[in-house]
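> First, the structure itself, so that you have it in front of you.
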Amino acid sequence: MSGAALGFEIVFVFFLALFLLHRYGDFKKQHRLVIIATLLAWYLCFLIVFILPLDVSTTIYNRCKLAVNSSPAESNGSYVTLAPSKQKCFKPWSYIPDGIMPIFWRVVYWTSQFLTWILLPFMQSYARSGGFSITGKIKTALIENAIYYGTYLLIFGAFLIYVAVNPNFNLQWNQLQTIGIAAANTWGLFLLVLLLGYGLVEIPRSHWNGAKRGYLLMKTYFKAAKLMTEKADAEENLEDIMEEVRKVSESIKYNHPLRKCVDTILKKCPTEYQERMGRNMDDYEDFDERQNSYPSEKSLAKLHKQVIYSVQRHRRTQVQWQILLEKAFYLEDVAKNESSATRQFVHTFHSQEPENKIIQYFYTPTVEWYWECLLRPWFYRVLAVMLATFSVIVVWSECTFFSTKPVLSLFAVFIQLAENTYNYIYIEMACFLTIFFLSICVYSTVFRIRVFNYYYLASHHQTDAYSLLFSGMLFCRLTPPLCLNFLGLTHMDATISHKNTQPTAYTSIMGSMRVLSFIADGFYIYYPMLVVILCIATYFSLGTRCLNLLGFQQFMGDSEMTSDLIDEGKELIRREKRKRQRQEEGENRRREWKERYGNRDDSTRSRAVHTDQKESSFSETNANRPLSKYTRSNGRTERDRVELLQDAEPLDFNADSVNDDPLESDSGR
């Protein structure tokens with residue numbers, strides 16, 4: 001089994017990252033380099049979280065081997081162990097051979113740091129650039145990131161000069177590397193505590209509120225009112241941008257050198273706008289002889305950037321509006337079915353997507369009623385209580401993990417108890433649940449936050465390239481300090497436990513933080529205590545209240561603005577519901593008419609076609625006959641009725657015969 005667990009987790013985490021990226025990104029429309037870079041960043045961060053418990057169990061086994069092979073006299077107190085005769089070491093099922101983990105962590109860590117500090121910022125500027133060529137986009141990205149990279153070089157250069165001039169410092173390359181790692185982890189820990197304090201409170205509270213049907217429905221109405229405003233703004237913005245594109249397309253003709261740039265812009269426009277603009281390919285004009293002012297390539301690049309942004313925003317709001325409507329209709333159905341006597345879930349509207357037959361077989365209307373109306377609220381309450389308990393343990397451990405005598409961190413107590421019995425399954429499960437919960441609290445906040453329209457992770461393939469790359473940057477910067485914080489909570493970090501024991505392979509590549517004692521003994525220990533203040537602020541919704549005072553509408557139950565938006569959203573949902581009901585009623589009537597009169601219409605159509613063939617044959621034979629002044633109308637009633645029932649093709653009147661009934665053309669005058 002050596003290495004099998006590592007290989008399995010490597011493959012599993014890859015498909016997990018691919019699944020999440022497919023949910024938020026669009027593989028068909030977004031650039032392949034954006035997809036690959038984001039997938040690599042997400043994959044490496046998730047991989048660190050899943051592999052670290054294996055590193056912990058392997059380190060505990062290696063410590064046991066060293067303790068057994070060394071006697072107390074030889075160890076000189078270096079290892080706190082029992083006598084060799086009383087101690088046995090059992091090899092864990094997921095043991096990773098020596099030498100693999102250090103190389104693995106070194107490759108993963110430095111690749112993620114290269115992505116977050118160098119490649120992803122460059123690709124962000126490249127993705128948002130409006131250039132029309134690869135060279136132009138690279139040039140724009142380099143110019144935008146010149147200040148970003150120049151600041152790092154300036155700080156690093158000043159530090160090197162200070163070290164070279166000061167004789168008290170004698171730093172080697174490993175120490176410089178450790179200082180760089182410490183600086184990156186310090187920045188990540190600063191942001192980590194902010195996100196962790198929000199997630200520790202908001203995740204249990206969101207699950208508790210998920211059991212309240214009325215709360216969810218009111219919040220959905222609130223979101224509908226806000227989304228409708230954003231949707232209208234996106235449509236108006238798109239109209240303005242398309243008007244500018246139309247003017248540019250009319251001014252720059254097809255023999256202009258910049259016409260290729262205009263065609264590139266037009267390809268990014270929606271299809272209906274392209275058809276509305278109408279490309280006149282025959283419109284050729286000698287632009288050199290006319291003294292007209294034409295837009296420059298720089299202005300066209302700016303317009304190209306605006307078109308990409310406005311089209312993406314318009315499409316995202318349209319998709320989100322349809323998803324929100326489905327959610328609102330479903331919550332209203334749940335509220336109606338709670339008082340159902342038949343205990344069968346009845347939907348107002350049928351699902352627009354075809355459902356899986358296996359799901360339909362097991363998830364019957366009766367099962368759906370019991371789950372949605374009875375079991376699901378209680379399940380969410382129990383889950384919320386468990387998550388809240390876990391949050392309390394995390395907050396307590398964050399405030400007490402620096403205490404080693406006695407050990408106050410509950411996670412460290414659990415790991416040490418399992419270490420005494422060498423129960424590696426329990427050790428790995430405890431480590432995995434701990435770091436997984438910490439990751440969920442941090443990563444879910446990254447998925448929830450929204451910085452206006454610049455950064456927003458929208459599901460159902462509606463996230464733009466800039467937001468995907470930015471999320472990859474955040475993950476790569478947050479994951480290393482998150483893992484160090486986890487190792488500190490469990491006292492697996494020698495800097496926290498103050499024991500001269502074998503460190504984990506992950507901390508070995510980080511180097512000794514003793515180079516910067518004020519960070520190792522000060523910032524890393526006392527700064528995580530601020531999570532208590534952040535949790536209290538999140539519990540009382542202080543951030544939401546501040547945003548509401550600044551004019552950013554937030555969902556607050558005791559706000560008059562919130563009540564107005566809820567009423568507005570309720571009216572919008574009611575209007576959309578009536579519209580969809582009328583559409584379904586019309587479709588049902590057409591379906592019933594077709595089922596009732598379909599066979600009769602087919603037979604009538606065949607008779608009408610046969611009659612038209614006979615009429616056309618008679619018309620051809622009478623083409624050279626003189627015109628008749630009088631015709632009889634007998635027998636026309638039946639054919640008129642046939643033409644009213646069917647869309648029969650019009651008669652092909654001959655130029656020499658204009659009588660109403662070719663079949664009666666030989667009748668008396």
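Keep in mind that glycine also has a Cβ here, set from the backbone N, Cα and C atoms.
The transmembrane segment annotation in TrEMBL covers 6-21, 33-52, 103-126, 146-165, 177-201, 378-396, 425-446, 466-489, 523-542. Here TrEMBL flags 224-251 as coiled coil. According to TrEMBL, the feature region 'Disordered' maps to 576-669. If you look up TrEMBL, you'll see 582-617, 635-644 marked as compositional bias 'Basic and acidic residues'. Per TrEMBL, compositional bias 'Polar residues' is recorded for 618-634. Positions annotated as compositional bias 'Acidic residues' by TrEMBL: 658-669.
Map these features onto the structure and tell me what's around them.
Long-range contacts of the transmembrane segment (33-52) within its own chain (CB-CB distance under 8 A, at least 6 residues past either end) are made by residues 6, 9-10, 12-14, 16-18, 20-21, 25, 27, 104, 108, 111-112, 115-116, 119-120, 123, 127, 431-432, 435-436, 439, 465, 468-469, 471-473, 475-476, 478-480, 482-483, 486-487, 506.
Listed as Cβ neighbours of the transmembrane segment (146-165) (distance under 8 Å, sequence separation of 6 or more from its ends, same chain) are residues 117-118, 121, 171, 179.
With a threshold of 8 Å between CB atoms, the same-chain residues lying at least 6 positions outside the coiled coil (224-251) that come near it are 262, 265-266, 269-270, 273, 277, 279, 292, 294-295, 300, 303, 306-307, 310-311, 313-314, 316-318, 320-321, 324-325, 328, 553, 565-566, 568-569, 572-573.
Residues 21, 24-25, 30, 34, 37-38, 40-42, 44-45, 48-49, 52, 56, 109, 112-113, 115-116, 120-121, 123-124, 127-128, 181, 184-189, 191-192, 195, 394, 397-398, 401, 409, 411-412, 431, 434-435, 438-439, 442-443, 446-447, 454-458, 495-496, 504, 506-507, 510, 524, 528 of the same chain lie 6 or more positions beyond the ends of the transmembrane segment (466-489) yet place their CB under 8 Å from a CB of it.
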> Contact between the transmembrane segment (425-446) and the transmembrane segment (177-201) is defined here as three or more C-beta pairs under 8 Å separated by at least 6 residues; is that satisfied?
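They are in contact.
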